């Protein structure tokens with residue numbers, strides 16, 4: 001008995017290119033984007049390939065991901081937690097690690113029942129005092145964790161460059 005082997009990188013005319021190849025590649029509980037409602041690539045043109053869903057370019061907020069920034073004067077983390085209430089979130093600092101945990105029990109939504117849980121850890125930069133870290137939750141579900149960076153002590157000083165007449169590297173003696 002022959003078994004057909006389907007390679008995900010080979011385009012097949014009767015198989016939509018954008019379909020998830022594994023169960024975990026699907027976006028459960030997330031809203032549809034407008035591009036999800038377009039016809040499949042093979043019905044448009046045999047030469048047109050719509051990019052797969054993981055290559056879409058929505059804003060970071062729509063993806064459920066986090067963004068960590070290290071700016072001149074502060075360290076910050078923005079994390080999309082729109083599916084969690086403030087009571088379902090915990091932010092802790094353990095040594096030089098920030099831990100964010102969110103969990104809600106099973107509840108019913110328009111698609112059925114769903115429960116969610118996540119753990120995220122971020123290393124605090126060496127120039128940020130863990131005791132100064134704060135967090136806030138915006139009305140649109142973005143958790144912001146930030147802390148000020150320590151300023152370098154002392155004024156800036158320009159160091160003059162002197163020129164020497166001898167080379168820095170000397171040739172090795174030949175044998």
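Quick reminder: no glycine exception, Cβ is built from N, Cα and C everywhere.
According to Swiss-Prot, the feature N-acetylmethionine maps to 1, an assignment based on similarity to another entry.
The phosphoserine annotation in Swiss-Prot covers 19 (among others) and rests on similarity to another entry.
According to Swiss-Prot, the feature O-linked glycosylation site maps to 41 (among others), an assignment based on similarity to another entry.
Taken from Swiss-Prot, the feature phosphoserine covers 45 (among others), and the record attributes it to similarity to another entry.
Per Swiss-Prot, the feature domain 'sHSP' maps to 56-164.
Summarising the annotation, Swiss-Prot assigns phosphoserine to 59 (among others) and lists similarity to another entry as the type of evidence.
According to Swiss-Prot, the feature Zn(2+) 1 binding site maps to 83, 111, 119.
Taken from Swiss-Prot, the feature N6-acetyllysine covers 92 (among others). Less than 8 angstroms from the CB of residue 92 (N6-acetyllysine) sit 98, 99, 101, each of them six or more residues away in the same chain.
The annotation Zn(2+) 2 binding site is assigned in Swiss-Prot to 104, 106. Counting every protein chain shown, the Cβ of residue 106 (Zn(2+) 2 binding site) has 9 other Cβ atoms within 10 Å.
Annotated region 'Disordered' per Swiss-Prot: 142-175, in sequence order.
Counting only same-chain residues six or more apart in sequence, none has a Cβ lying under 8 angstroms from the Cβ of residue 166 (N6-acetyllysine). DSSP gives residue 166 (N6-acetyllysine) a coil state; it is part of no helix or strand. Look at Swiss-Prot and you will find 166 (among others) tagged as N6-acetyllysine, backed by similarity to another entry.
Annotation source Swiss-Prot lists O-linked glycosylation site at 170 (among others).
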May I have the DSSP-based helix, strand and coil counts for the residues of the region 'Disordered' (142-175)?
0 helix, 8 strand, 26 coil
Round to a whole number and give the Cα-to-Cα distance in Å for the pair residue 104 (Zn(2+) 2 binding site) and residue 83 (Zn(2+) 1 binding site).
9
With DSSP assignments reduced to helix, strand and coil, which class does residue 111 (Zn(2+) 1 binding site) get?
coil
For a quick check of packing: other C-beta atoms within 10 Å of the C-beta of residue 170 (O-linked glycosylation site), how many?
7
